[in-house]
Amino acid sequence: LTGVLDDCLCDIESIDDFNTFKIFPKIQKLQERDYFRYYKVNLKRPCPFWADDGHCSIKDCHVEPCPESKIPVGIKAGSSNKYSKAANNSKELEDCEQANKLGAVNSTLSNQSKEAFIDWARYDDSQDHFCELDDERSPDAQYVDLLLNPERYTGYKGPSAWRVWNSIYEENCFKPRSVYRPLNPLAPSRGGSCLFYFPMHCFQYSLCLEKRVFYKLISGLHASINLHLCANYLLEETWGKPHWGPNVKEFTRRFDPAETKGEGPRRLKNLYFLYLIELRALSKVAPYFERAVVDLYTGNGHEDAESKALLLDIFRDTKSFHMHFDEKSMFAGDKKGAKSLKEEFRLHFKNISRIMDCVGCDKCRLWGKLQTQGLGTALKILFSEKEIQSLPENSPSKGFQLTRQEIVALVNAFGR
């Protein structure tokens, strides 16, 4: 790929250089830190759109939940009760520290900070959410160590995988009714895996900017997922030990112009566009994290300070990029029409996040939900600029909040 991307004044070579030499090494380190590696997810939520056709029994579809004893004390306490007496009980902390060597609760946090966290937990900003969020209090919600459950090829394919993407594109894309859909969900597949097929994409021309952006984000997310399974593919299994690595043939089949009737490069360009949107969100949300009242809290004061310093360093890099996507060009028409379109945009994307509960492979569902929530968080940030700019320095804000789940999803989705 070379040249300028559509709908923004940015060229691919500049993004490559910026990402390779500035962002990627740091975001990779950040993803390895405790605050960002543990993600709480409910993989048992029923599909709201059709009868569940069962979870795949392929062993590589399995997700290994994290034992309670391995979760850092500040994370598993939950934002609503991490400062309760029980959470600060020294005997409990000593036992936990001895068992996990994860350190004790940071007792130097001010009462103001504690009140802020409690207030954030109570705050309900569902009207700003672009995603259907899992209920963290559900007994089916479990912590998953993302480093031990990487996104990769699992063997999940066929009608179940096709139906997920078909629903996302056919029911949620802004597009003319006349677009032809040649794929048959019951046709024999030629292989594939998690969220595999590229169905005939929503028609992206003759649409207004907002609708083109929506399509490109979904296509870019799809391209990202496909790229990761091509890059981390089950190549062979010897004596019961799987060997994973890049599968160039699979990549070619999904992205080469000759194999995709010219669509492959456009799919990859949409991935770059997705990168720019999430990069823009990171640069916009920096003031939220720059406040002293916000900690990346795990209970290990030294690690928490290092994690925040690394995150702020990444924010400085994002601000140094000179070719950001300008989200101000979106929803800029008459107020009534813009508000209506923005709400339609939000509800369409929220519906997509619900479709992720229909994925039959647990590992595919995990990464689909996480990346969808990460993109939804990015959109929430981009449409909350005024609220972020008016955040109070040392007290909780009523106008804009991010939960830990949203923060973890945003960083890991961008990392993908």
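Any Cβ shown, glycine's included, is placed from N, Cα and C.
Out of CYS230, CYS364, the record in TrEMBL bonds CYS361 through a disulfide to CYS364.
ARG254 (FAD binding site) has CYS364 as its nearest neighbour among the disulfide-bonded residues CYS61, CYS361, CYS364, going by CA to CA distance. The CA atom of CYS364 (disulfide bond) is located 8 Å away from the CA atom of THR154 (FAD binding site). Cα separation, CYS361 (disulfide bond) to TRP165 (FAD binding site), rounded: 14 Å. Across the residues the record lists as binding FAD (ARG152, THR154, TRP165, SER219, HIS222, ARG254), the two Cα atoms farthest apart are 21 Å from each other. The Cβ neighbour count for SER219 (FAD binding site), using a 10 Å radius and every protein chain shown, is 25.
Sorted by the number of other CB atoms within 10 A, the disulfide-bonded residues CYS61, CYS361, CYS364 start with CYS61, the lowest.
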